[in-house]
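These notes are about the structure you will find just below.
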Number of protein chains: 4
Amino acid sequence: MNKKIKIVTIGGGSSYTPELMEGFIKRKDHLPIKEIWLVDIEAGKEKLEIVGNLAKRMVKAAGLDWEIHLTLDRREALKDADFVTTQFRVGLLEARIKDERIPLSHGILGQETNGAGGMLKAFRTIPVILDIVEDMKELCPDAWLVNFTNPSGMVTEAVMRYGNWNKVVGLCNVPILCRKIAAGALKENEEDLFFRFGGLNHFHWHRVWDKAGKEKTREVLEAAYTSVENMKNALKSFTSANSGVQNIPNISFLPEQILNLGIIPCMYHRYYYITDDMLQEELEAFAKGETRAELVKRTEAELFELYKDPNLSIKPPQLEKRGGAFYSDAACELINSIYNDKRTHMVVSTRNNGAISDLPDDVVVEVSSIITSGGPVPISWGSFEPSSRGLLQLMKDMELTTIKAAVTGDYGTAQQAFTINPLVPSGKIAKKVLDELLIAHKEHLPQFKETIVRLEAKYS
Amino acid sequence: MNKKIKIVTIGGGSSYTPELMEGFIKRKDHLPIKEIWLVDIEAGKEKLEIVGNLAKRMVKAAGLDWEIHLTLDRREALKDADFVTTQFRVGLLEARIKDERIPLSHGILGQETNGAGGMLKAFRTIPVILDIVEDMKELCPDAWLVNFTNPSGMVTEAVMRYGNWNKVVGLCNVPILCRKIAAGALKENEEDLFFRFGGLNHFHWHRVWDKAGKEKTREVLEAAYTSVENMKNALKSFTSANSGVQNIPNISFLPEQILNLGIIPCMYHRYYYITDDMLQEELEAFAKGETRAELVKRTEAELFELYKDPNLSIKPPQLEKRGGAFYSDAACELINSIYNDKRTHMVVSTRNNGAISDLPDDVVVEVSSIITSGGPVPISWGSFEPSSRGLLQLMKDMELTTIKAAVTGDYGTAQQAFTINPLVPSGKIAKKVLDELLIAHKEHLPQFKETIVRLEAKYS
Amino acid sequence: MNKKIKIVTIGGGSSYTPELMEGFIKRKDHLPIKEIWLVDIEAGKEKLEIVGNLAKRMVKAAGLDWEIHLTLDRREALKDADFVTTQFRVGLLEARIKDERIPLSHGILGQETNGAGGMLKAFRTIPVILDIVEDMKELCPDAWLVNFTNPSGMVTEAVMRYGNWNKVVGLCNVPILCRKIAAGALKENEEDLFFRFGGLNHFHWHRVWDKAGKEKTREVLEAAYTSVENMKNALKSFTSANSGVQNIPNISFLPEQILNLGIIPCMYHRYYYITDDMLQEELEAFAKGETRAELVKRTEAELFELYKDPNLSIKPPQLEKRGGAFYSDAACELINSIYNDKRTHMVVSTRNNGAISDLPDDVVVEVSSIITSGGPVPISWGSFEPSSRGLLQLMKDMELTTIKAAVTGDYGTAQQAFTINPLVPSGKIAKKVLDELLIAHKEHLPQFKETIVRLEAKYS
Amino acid sequence: MNKKIKIVTIGGGSSYTPELMEGFIKRKDHLPIKEIWLVDIEAGKEKLEIVGNLAKRMVKAAGLDWEIHLTLDRREALKDADFVTTQFRVGLLEARIKDERIPLSHGILGQETNGAGGMLKAFRTIPVILDIVEDMKELCPDAWLVNFTNPSGMVTEAVMRYGNWNKVVGLCNVPILCRKIAAGALKENEEDLFFRFGGLNHFHWHRVWDKAGKEKTREVLEAAYTSVENMKNALKSFTSANSGVQNIPNISFLPEQILNLGIIPCMYHRYYYITDDMLQEELEAFAKGETRAELVKRTEAELFELYKDPNLSIKPPQLEKRGGAFYSDAACELINSIYNDKRTHMVVSTRNNGAISDLPDDVVVEVSSIITSGGPVPISWGSFEPSSRGLLQLMKDMELTTIKAAVTGDYGTAQQAFTINPLVPSGKIAKKVLDELLIAHKEHLPQFKETIVRLEAKYS
């Protein structure tokens, strides 16, 4: 590519935007950016202006001539875009609070990415992303869609499967953090280690080799995953990394449960490997009004206060408390790699294409990939042992069933997705939770309208 | 086959034996039986004699010259056997009580076939069945092994995978009951319906077609599976069938959860589709000292009292309360079909061989099969929809991991099996349950000896 | 089904029709036929009348009141049909002569089912069958399509894949003949043997078990497939069976080539296992003007002379020289099994559905199936050894590529189909043969019109 | 790795050795070589000394202190080796002449890698490589085996499958040449293009993308593969590359046969896509005593005369006529990448591991891989279209069947391998060719001894 780049960020009023801006500025010598469009909706207008003005100050302070546009007109922004990043949350943080608190109020995990809450988030988000894709087909048919909207894997899968849009990559910061943990645990430079990641978003495993070609997977498990203390030590050298695990409770796996797995689980596997313990922790947070959603909401309010400061022209360090560190590394580096055909190894959500033999070729997986100008090319993972294979297959099918429910608005399919989700103990209470969530989010769930009307009548 | 048949029943002192005898007697014109050997262990000697004498009286009353041998010498019995049936329970009903009560005491389902209890049962049973197979290789290398020992699917898989013995068929009465429910629901003769079953033991689904070739799957779901009342009505015409569901709580699925599945779950799917409700029910039974194990123990005591009656020479009708009706139909008809190459359609646990596309060829599945003199030949099921596929794949891998733990005695593998089992909420309590079960069953778990010694030290 | 049956035979003027009639008459007690419509095209009108009148005489002689309709109006015939059988040849036997002679004139096998000739036959036939399917969707949407038009497997696949019509079954008499050979070789009753067939039309293998469950595959190979003499002996007891192999040269496999295959090839495997020898034999026939097509043409002329005899009211025994014996058994028995839900085991072309693990679920295979009122349900074959697996996979992909060329009319795809077909040595001569065949059949290849115009210009 | 490197080359007396030496010398700054052992057998002693002395002169001229050892004692050489390269030919070039001339004398392609000749080469080579692996297990259990002995894919597969040795990589120069052709055709720098290769040794395809992420596969096909002239033009800029295609006749594909394949065949695909034309060309060479084997023999004689020159201390440019250019690039760069964990992209024969979805995980494929210190990690290829898939699957199974015959010495299996090989028209003549080859190579085929004795008796 030789032309100057136009980048569009949907959900541009997000508190993450300064990090994204920092990431672009850091790569200014490699990315000939002409314009960045921050797009948001009416309800996010105030935040868009606060964060957008900070973005302008950051660009100016960096001595760059990039145009920063703030707009509520998505179609105007998308016109001739080269890269579209998505970081929006339908219903804002209020919706996340419902996603987390309603299930917990019935003793069930909320988990806003892969749990009951995450499924509802998928129900709200997928129709919107499919709309965006329709706009892109018309307005910027050659653009790449870089998605970090959660549930990132499901959203990416929906874009490919139902939107028939292949130029999409899903991103997450968890694999980055996993790499840092391994490097910390082995006291090695991250670049000296070779990693292979395989699985799904927030549900992947990895293996590690050192510079001499020796596999160090077991050593990493022992050194970092057998206690909370060990994990903290492994992360110690990365000041900002600490925030990475802020999103979920910090409880250790059971040592013998993982030591001979042959692969390293990600932090979100805690939800599946020590489900009960995670639930207890979250129930306590719920009781104190300190679910992650609530904490994030407070953090965000503080952040936006900071962002308003007309003298601020850098990403404020307090942003790291928000969680989600390294997103800028992921998103900006991905764009950089595509634009410059860098062939970097990154872990992204992309079409499986055989990389994981235990899943169909045409599903989205999160897997180590080579990032070329033609997009991500996955590195073969091979197959899993039974101790992880079936759980992975179940999770993929939970995703597919959830996406189908999101697209069709079929209530039975939604119930089935809830039934097979391992974070939701099925039965009457789960149905109650689903019903309550559907009603609570009704303004963002047009596809479920009929069901919701019926449910409202039933419960009223 | 022309020679007279020698049948050996391991666990011959079981309360089921009269039903088995009745099954053989009913088929006397087709099965030229010469001798039946009822084998048991020292601890089961008294029951063996009671039930063995009843068996002798039954044969005599039927005017048959079959030899009935009662023995504690398994190897003597196996010599030159044609069919070996296995219906033993390592540790007797006392062990089942532990399998059910220990998990429930921590708020976790016991489920003595696929739950925490079932995994422990697999740990106890698999080493014994592999011993039997070693004897068979030496003493009756052409015999068929007909297994109804639970967990029937895992035991059958262990025999094939680790015993390298292919002439084995796993049996269960649940599919028989499912057929009767469908016939009752549709008000059709069972023989007029065509069924295809696919899945695993206690974890299969089926589809139904009528005489005109119309699929009636949805009709059966509506008519029998949407409420307890409907299920009872469907079963009404089969007096004895009622007992079939006695083994597990009788709670209905949620209608919308199943109506558009396209396949009919089996009764044991309640554990997965309405896990919480089943757990509540079982916790109540636990509190009253009325777990299924405890009820069965009482029923058995009553049965053996009846069996002692020297005037009794038929299967007493009270046996039906025991659960497990139609086992005789299954086992005796299977032997009949193999012996006479009847090519009957039966649902058995056998090597997948592609019948279910979503599982490897070399695993054991429970699937509609044609029973030939060369053994079962599965009928193709094809593939599942995501709403059931992943759960099936997980269950198979839970089985494989459990079997691996049973064979190796590896504690980490046992923990992983517990972790991925959908009936066990993972975490510290699950580990506690596993540990307590291992210690409680220690005399039947030689392969875990080292682990158990360590655990005893830890908890003492 | 209770209503009276309407059967439609497309290509009703075929010389096979009397056999079909005989088959229906033989099953008169089971099939309540009301009307049989024999449909043909203008060019086949004379033959239609000759054979149609014979059909009427046969029905009358059998004392039946079935209506026999002769028509050139396909749509009139299809209205409300229950079963539609297809046995037409686009371009009549003249086309077959070209299919066989043009390749042979360049030293290449013609093979009118799977070779160069067969591919051209597919190009001519598939557009017609897809037209018929479109009519059926409108006029008889519940009817079954029973296809014996060659290449039977490809035609069936095209109907499913491109016609989106699932109620189709492909038939062939080769498996029937294989069964008779095995029975003859083992001196057993065919019914006492259990067979499993797997593969594709004219490209399947089978295994055999006796009444006692012993596999007899190797014995059959030795007794019938190691020399022409042995094969003849095996077939001796079936007077009419001899004609079954008349369609292709009768040369033996090389003994060591097949004895440890573990599976029995079909007669058409001679083309692949002893390609050169088959080619030599056919080149000799070609030189003498005695290709199979030419012989059949003469036989047909004689047959129609016989058919004209107003005193003839049975199938004349001379028909057996035509080849294709047992088609009536296959087609009429299939209809009988579907109508009466007989659950007979037959070998048919149907959707794989996992029956053969080495091929995708959604392709058509020829495999042992249970014929129910809902159609064929395949019996699991499992997987093949490498010594046959790859060849099977290649043949399936040759079929898929041929069908794609037939549907799209793409010349490159046609060349690729020729390139990968193992009966066509690829290169310039093969291209010459393809070009010459396209031009020779131009009036029946509208989809290739542009290519043919170009080729004609080039070669003129 | 920090220790100094010991490299062992089995077949060190090969004419290729100077190129290998040149490759190592070129990488002297990256590879801390201590010693290179050139191993050969008694019959190759003279050549070993000639080429070994040249190697010593080359090292000296480069100012290096590497020890060059010449030995006939393989075990002494293997002790503590780090890398073992294999480039031997059992039976020397005389055997290759038989491999090519005997089939051609019967009108059949010899093709010394994948044809009749190649299968015999596999029969001779595989027992020897398995012996080497046994020595390595004992003497240098941590070494990497870098194989360029043809048939490279089959040899690599045999080492993994029957030798149970996973540290093996198979190499070939064809992919390197394909890359140069693409670069030449597109007039781009090779490094600016992104390639994905998938298939088997001498039977792979590739796709190409440019720096902007646009796929250029079709452009390369058009510009380089549609005529001999185009291919020559594409290669023009690479002076040495011309020699790369010297090994096989230089005939063009048929344009329409390949243009819409979507993938680019390799040069050896000519044997499958234009088999007849290749055969004609080779029959002409045969008639003139100019088969490739004979030409190579003459070239080698000339080369060894050159090598004798005590003043020669570089690789003589005439070596390029020998064919096999870029082997040094491949082998030395592979060793360099492993030693230094360079993560270079190379095309190697390695375990599939899902990279090609259409083949089992556990077979060897030739595929783009990342070369790490832990060995090659394949890049996902995905699946093939039917127009290439089946042929690939057949070739893999031909390889597996050939290897099985090589290991077991079973004559039936050898016949089956010949039967399914697409370069061998099956039948009586093919059997004659197999028999004649077995007899001709009898001293190198101990595993077929019994068969050969029997055949000799038969033909004498």
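Placed from the backbone N, Cα and C atoms, the Cβ positions cover glycine too.
These numbers come from a predicted model, not from an experiment.
Record features (TrEMBL):
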- B:ARG96, B:ASN150: substrate binding site (BINDING)
- B:GLU112: site 'Increases basicity of active site Tyr' (SITE)
- B:CYS172, B:HIS202: Mn(2+) binding site (BINDING)
- B:198-424: domain 'Glycosyl hydrolase family 4 C-terminal' (DOMAIN)
Cβ neighbours of B:ASN150 (substrate binding site) where a neighbour is any other Cβ within 10 Å: 24
B:ARG96 (substrate binding site) in three-state DSSP notation: helix
Number of Cβ atoms other than its own within 10 Å, given for B:GLU112 (site 'Increases basicity of active site Tyr'): 28
Rounded inter-Cα distance in Å - B:ARG96 (substrate binding site), B:GLU112 (site 'Increases basicity of active site Tyr'): 7
Chain-internal residues near B:CYS172 (Mn(2+) binding site), provided their CB is under 8 angstroms and they sit 6+ positions away: B:PHE148, B:SER152, B:ASN201, B:HIS202, B:ALA330, B:VAL347, B:SER349, B:GLU366
C-alpha spacing of B:ASN150 (substrate binding site) relative to B:GLU112 (site 'Increases basicity of active site Tyr'), in angstrom: 8
Neighbour count (Cβ, 10 Å) for B:ARG96 (substrate binding site): 23
Surrounding CB atoms that lie within 10 Å of the CB of B:HIS202 (Mn(2+) binding site), all protein chains: 25
For B:CYS172 (Mn(2+) binding site), the three-state class that DSSP assigns: coil
